[in-house]
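A.B. asks: According to TrEMBL, the record shows the following:
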TRANSMEM  27-45  transmembrane segment
DOMAIN    28-465  domain 'Major facilitator superfamily (MFS) profile'
TRANSMEM  65-85  transmembrane segment
TRANSMEM  97-118  transmembrane segment
TRANSMEM  124-144  transmembrane segment
TRANSMEM  153-176  transmembrane segment
TRANSMEM  182-202  transmembrane segment
TRANSMEM  214-234  transmembrane segment
TRANSMEM  240-258  transmembrane segment
TRANSMEM  279-298  transmembrane segment
TRANSMEM  310-333  transmembrane segment
TRANSMEM  340-361  transmembrane segment
TRANSMEM  431-454  transmembrane segment
Amino acid sequence: MNELAQPAGSSPQAKSTDGLFGPARTWAMLAVSLSVLMALLDYAIANVALPDIARDLHASSSASIWVVNAYQLASLVSLLPLAALGSKVGFSRMCQFGIILFIGSSVMCAMATTLPALAAARVLQGIGGACILSVNIALVRYIYPHAEIGKGIALNGVVVAMGVALGPTAAAAILTVASWPWLFWVNLPLGAAALFMAFRSLPATPRSTARPDITGSVLCMLAFGALVMGGDGLAHQSGIVLSCALIGVGLLSGLLLIRRESGLPQPILPVDMLAKPDFAIAFMTGFCGFVASNFYIISMPFTLHDVLGMSPAATGLLITPWPIGIMSAAPLVRRLADTVSAGVLSSIGLLMTATGFFLLWMMPAHPTAFDIVWRTWLAGCGFGLFQPPNNRAMMVSASHARAGGASGMVQVARQAGQTCGAMGVAAFFSLFVQGAALKCLFMAACVATFAALLSSSRLLAGKKA
């Protein structure tokens, strides 16, 4: 069934499918933004503390990586099932539950005394983060009127950039004055504030009456999980036979999932939306854009430190223009996202990003700080111009009844792209003894160029997203 049930007791404004107004919109968007910021900070914040965690929990460095992998894998595999569940229970309730789970699992992380206990808590934390991220753009669609949804998505993009940028900096600041458990204790006041605002200000959204698809959810999680773990094994050239077997399981699960979901009114994997050219192009453009960005984000520190001989402090500072560039584009994209097509804005943005990456790859042997800063800022500014219009194109191509599925796919494009980019970097560093970091920058530029061409195909088709 594809019917929607209106929640009882919601205010007239909350029932509106064309947004909130005045202070109600401000507070609701603040609740969403703080929730998203908290979830993304914890994705990046643990990386910095891995050496301390490994030492205190008497674990090897390679084993400690599961503190990061557990969060990322749990989040990715649960995004689409949770997006579908959000359509069933209401997007606001899903976000509120995610915040509660995130707070509780943060306490478990802070109190963990063994690596398995910490990894298990990070799995729960990843699921809590996925509860938030799977519905956050769907909530933006109900917070902003249709004519201004691009503004809300642009603001959401700035919050995402801040979360990615502030994670390592915040972790370093906390670790200078406290031990690693405080990286998780700080989520309590953040989570409490987000939860208070979420219960007070988020609009009640219509709820689907479709029955939960348990089999589809299991197949979806198995497909994503097996493909990611198998691909990661191949990228690191470890356990080749097992990795190939996992990829086979993932592909088979994916095919069974597509076959099962085809024709369903509310599929876990929105194959009906992927059949729409506008949605499919926007999804693949987003995926390729994040593959390119992670090729840059992971390899650039190695370029600065190992190739150019920069200090760790200088390396951190010289990467900062990337998120600053993303935020610099926000005022412009907020004005244009609802009036200029994604085919124009996203294509220009990706070309700027590709140009910045190419210029970084072609830097002189002894560049000045300014040489690095302006190229990095150009790439970040282009990425900030590309992302919100492309996300908007995905959201507006879906009906209000399918907002949850579209929101989930926006996050899948981001997380799957980041994961594939990370695996690509690992493969390059395994295959090439010399110059792997610079080769990754070149690959980032090539993938961004391909994404720009893919985005521009919307113009050739004469479609305005």
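For all residues, glycine too, the Cβ spot is worked out from N, Cα and C.
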A.B. asks: In this predicted model, what is the average pLDDT of the domain 'Major facilitator superfamily (MFS) profile' (28-465)?
C.D. replies: 86
A.B. asks: In terms of Cβ proximity under 8 Å, which residues at least six beyond the ends of the transmembrane segment (214-234) contact it?
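C.D. replies: Residues 69, 73, 76-78, 80-81, 84, 240, 242-251, 253-254, 256-257, 260-261, 264, 267-269, 416, 419-420, 423, 426-427.
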A.B. asks: Against the transmembrane segment (279-298), which of these stretches has the most C-beta pairs under 8 Å: 65-85, 240-258, 340-361, 431-454?
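C.D. replies: Looking at each of 65-85, 240-258, 340-361, 431-454 in turn, the most contacts to the transmembrane segment (279-298) are made by 431-454.
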A.B. asks: Report, as numbers and ranges, every residue of the chain located at least six residues beyond the transmembrane segment (65-85) whose Cβ falls under 8 Å of a Cβ in that stretch; write 'none' if there are none.
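C.D. replies: Distant Cβ neighbours of the transmembrane segment (65-85) are 42-43, 46-47, 50, 53, 94, 115, 118-120, 122-127, 129-131, 133-135, 138, 212-213, 216-217, 220-221, 224-225, 228-229, 232, 266, 268-269, 404-405, 407-409, 411-412, 415-416, 419.
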